[in-house]
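TrEMBL annotations:
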{"type": "BINDING", "residues": "Gly99, Ala100, Phe131, Asp216, Glu217, Val218, Gln219, Thr274", "note": "pyridoxal 5'-phosphate binding site"}
{"type": "BINDING", "residues": "Arg134, Thr273", "note": "N(2)-acetyl-L-ornithine binding site"}
{"type": "MOD_RES", "residues": "Lys245", "note": "N6-(pyridoxal phosphate)lysine"}
Amino acid sequence: MQKIDRYVMGTYKRSQVMFLRGRGCTLFDDQGNEYLDLLAGIAVCNLGHAHPAVTKAVCDQALSLTHVSNLFYTEPQAVVAELLVENSFADQVFFCNSGAEANEGALKLARLWGKEKLNGAFGVISMERSFHGRTFAALSATGQEMIQKGYDPLAPVFSHVPFGDFEVLQKQWDENTCAVMMEPVQGEGGVVPAEKEYLEKVRKLCDEKGALLIFDEVQTGLGRTGKLFAYEHFGITPDIMTLAKALANGLPAGAVLAKKEAADLFGPGTHGTTFGAGPIVMAAAREVMQVLTEPGFMDDVAQRSAYFKQKLEQIAAKLPEKVLEVRGLGFLLGLKLSGPGAPLVKEFLEKGFVVNCTQGDILRFVPPLIITREQIDAFSEVLLQTLIGWDSGQVEK
Ligand SMILES: *Cc1c(COP(=O)(O)O)cnc(C)c1O
């Protein structure tokens, strides 16, 4: 820990825990303590830690081929691409290494789209409180001052509008607009699902104007919300969708999925990546996609996540002055608290539960999708007792 604090740049305020191993939804630290993981490495390890099929695939692939570049064909990405396309609205996929990089790819497609179909329009409307990543275009798209602070001037193509307010979005639209970019459920922004009617209106407006609708499903995709992709909840499809976090269950992988008309704008040499779609990462992603698309798997996730949400609602009903709201979809759930959540996160950690707080007062639960009802019960009991003892006015020590 001392070496990390000394030698690694200080972009993170870390909890004082060193994890050594994980299995399923359980993490083990260097002091012999066990934890129930309700964070999954920030919505990444959707199949839990050390998933047997993923682990075996990674080991087998490492023994045969690690990297040759995208100048050649390699096998593992073929199955992943097929499973992503055949189970979504998209016609083709571009693989990369992270969420931010996937969003960069989507924004580059939007730029080509504007040039080709909208007389050079390059403006993108994105949302306040959104999160799209830390690279320059992605952080410019992100609607949070905290993340942009110090990095201005930002990429000037983005205008930010309040998430959910169609009239403002419509007013913001001009002849320079080529795309709208948003998360169907804001994750970092506080676990806020969009309204179905709002998304329908945005979809219709994009269609009328010939502009692209880009969904950043880096956090919401791949089973997180109780469906394979969050857009399925709303009865509409985007033109482009970005994925990352859970795609390879912890190995770095991202993807840009698009309908044919947009996908066709990328040709040889117009975009690329050295590491993207590497065989080891794609072997892991293949196992992830196979599990997620097994008949019944998502139904089971939907049922267990509804059970978790019901438990949270029961707790909220008992403590209305402390828990102001329960929100989210599937296993992307948030509790809006009446005070800062950081001291609670620390207390849960001491009690053996890994949870997260976003926007200061939203406890966020994004456990592995394989969490059991017994584990949900165990956490719910501790959550209730902890909240009973919590003084919402307290500040972090
Ligand atoms: C995490 C996240 C990103 C950024 O992903 P990285 O892999 O950290 O670059 C982008 N968009 C959303 C919605 C995210 O949750």
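Using the three backbone atoms N, Cα and C, a Cβ is placed for every residue, glycine included.
Projection of TrEMBL feature records onto the structure.
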{"residue": "Gly99", "record": "pyridoxal 5'-phosphate binding site", "Cβ contacts under 8 Å, 6 or more apart": "His132, Gly133, Ala138, Asp216, Val218, Gln219, Thr242, Leu243, Ala244, Lys245, Gly254"}
{"residue": "Ala100", "record": "pyridoxal 5'-phosphate binding site", "Cβ contacts under 8 Å, 6 or more apart": "His132, Gly133, Arg134, Thr135, Ala138, Leu139"}
{"residue": "Phe131", "record": "pyridoxal 5'-phosphate binding site", "Cβ contacts under 8 Å, 6 or more apart": "Thr142, Gln144, Ile147, Glu183, Gln186, Gly187, Glu188, Gly189"}
{"residue": "Glu217", "record": "pyridoxal 5'-phosphate binding site", "Cβ contacts under 8 Å, 6 or more apart": "Glu183, Pro184, Phe229, Ala230, Tyr231, Met241, Thr242, Leu243"}
{"residue": "Thr273", "record": "N(2)-acetyl-L-ornithine binding site", "Cβ contacts under 8 Å, 6 or more apart": "Asn70, Phe95, Cys96, Asn97, Glu101"}
{"residue": "Thr274", "record": "pyridoxal 5'-phosphate binding site", "Cβ contacts under 8 Å, 6 or more apart": "Ser69"}
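A count of other CB atoms within 10 A of each Cβ picks out Lys245 as the most crowded of the recorded positions Arg134, Lys245. Checked against ligand 1, the binding-site residues Glu217, Thr273, Thr274 give no residue with a Cβ less than 6 Å away from one of its atoms. Residues Gly99, Ala100, Phe131, Asp216, Glu217, Val218, Gln219, Thr274 are recorded as binding pyridoxal 5'-phosphate; their most distant pair of Cα atoms lies 25 Å apart.
Counted over every protein chain shown, other Cβ atoms within 10 Å are most numerous around Asp216 among the binding-site residues Asp216, Gln219.
Around the Cβ of Val218 (pyridoxal 5'-phosphate binding site), a 10 Å sphere holds 29 further Cβ atoms from the protein chains shown.
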